[in-house]
Amino acid sequence: MQVVLGSLFLLLLSTSHGWQIRDRIGDNELEERIIYPGTLWCGHGNKSSGPNELGRFKHTDACCRTHDMCPDVMSAGESKHGLTNTASHTRLSCDCDDKFYDCLKNSADTISSYFVGKMYFNLIDTKCYKLEHPVTGCGERTEGRCLHYTVDKSKPKVYQWFDLRKY
């Protein structure tokens, strides 16, 4: 049943742009349709009644809750650290996205974590930002994403956008 729900969730997301569904539906309905089944924190917003409440897939949900509470985020259209988020969705520091990736990979809820990871890291075309020496190129690229950046260590670090790892 979880595999079927996960597949339906991915199908729904494949017709969306960022976290927003293109169909005309109400805000409450949107939030309910975009939260991964069996979780309260995995998706657009959350459905929890408080920070300690988790859904049926507690390990996956805990990863999503921690990710949602990242202290360094940039909302759509916001400028911060000398960067502007031109995406239609919130972007996070690479540190938070890396921790989210590792948490999902190590989760005891293997199937739900797999689908949430695939959705966030593979389907949603997003980037993260971090303080790093200026990027001079990409040493290795796959599926349109840079896997290994080359940097100029002779110059001071600046905030820049980076591709997320594939899940």
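In case you wondered, yes, glycine gets a Cβ from its N, Cα and C as well.
According to Swiss-Prot, the protein carries these features:
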- His67: active site (ACT_SITE)
- Asp97: active site (ACT_SITE)
- Trp41, Gly43, Gly45, Asp68: Ca(2+) binding site (BINDING)
- Cys42-Cys64: disulfide bond (DISULFID)
- Cys63-Cys103: disulfide bond (DISULFID)
- Cys70-Cys96: disulfide bond (DISULFID)
- Cys94-Cys128: disulfide bond (DISULFID)
- Cys138-Cys146: disulfide bond (DISULFID)
- Asn46: N-linked glycosylation site (CARBOHYD)
- 1-18: signal peptide (SIGNAL)
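Known features from Swiss-Prot, placed on the structure.
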{"residue": "Trp41", "record": "Ca(2+) binding site", "CB count, 10 Å": "25"}
{"residue": "Cys42", "record": "disulfide bond", "CB count, 10 Å": "29"}
{"residue": "Gly43", "record": "Ca(2+) binding site", "CB count, 10 Å": "24"}
{"residue": "Cys63", "record": "disulfide bond", "CB count, 10 Å": "28"}
{"residue": "Cys64", "record": "disulfide bond", "CB count, 10 Å": "27"}
{"residue": "Cys70", "record": "disulfide bond", "CB count, 10 Å": "15"}
{"residue": "Cys94", "record": "disulfide bond", "CB count, 10 Å": "22"}
{"residue": "Cys96", "record": "disulfide bond", "CB count, 10 Å": "19"}
{"residue": "Cys138", "record": "disulfide bond", "CB count, 10 Å": "13"}
{"residue": "Cys146", "record": "disulfide bond", "CB count, 10 Å": "15"}
Tell me, by DSSP, whether Cys138 (disulfide bond) is helix, strand or coil? strand
Given the recorded positions Trp41, Cys94, Asp97, Cys146, tell me which ones have a C-alpha lying within 10 Å of the C-alpha of His67 (active site). Trp41, Asp97
I'd like to confirm something. Which of the recorded positions, Trp41, Gly43, Gly45, Asp97, has a Cα closest to the Cα of Cys70 (disulfide bond)? Asp97
Between Cys64 (disulfide bond) and Trp41 (Ca(2+) binding site), the C-alpha gap once rounded to whole angstrom: 5
Of the binding-site residues Trp41, Gly43, Gly45, within 10 Å of Cys63 (disulfide bond) (CA to CA), in sequence order, we find Trp41
Where the distance is taken from Cα to Cα, which of the binding-site residues Trp41, Gly43, Gly45, Asp68 turns out closest to Cys94 (disulfide bond)? Asp68
Would you please pick out, from the recorded positions Gly45, Asn46, His67, Cys103, Cys128, the one with the fewest other Cβ atoms within 10 Å of its Cβ? Gly45
Between the recorded positions Asp68, Asp97, where is the Cβ count within 10 Å the lowest? Asp68
Taking each of Gly45, Asn46, Cys128 in turn, which of these recorded positions have a Cα lying within 10 angstroms of the Cα of Asp97 (active site)? Cys128
Excluding Trp41, Gly43, Gly45, Asp68, which residues of the same chain place their Cβ within 8 Å of the centroid of the Cβ atoms of the recorded Ca(2+) site? Ile35, Thr39, Leu40, Cys42, His44, Asn46, Lys47, Cys64, Arg65
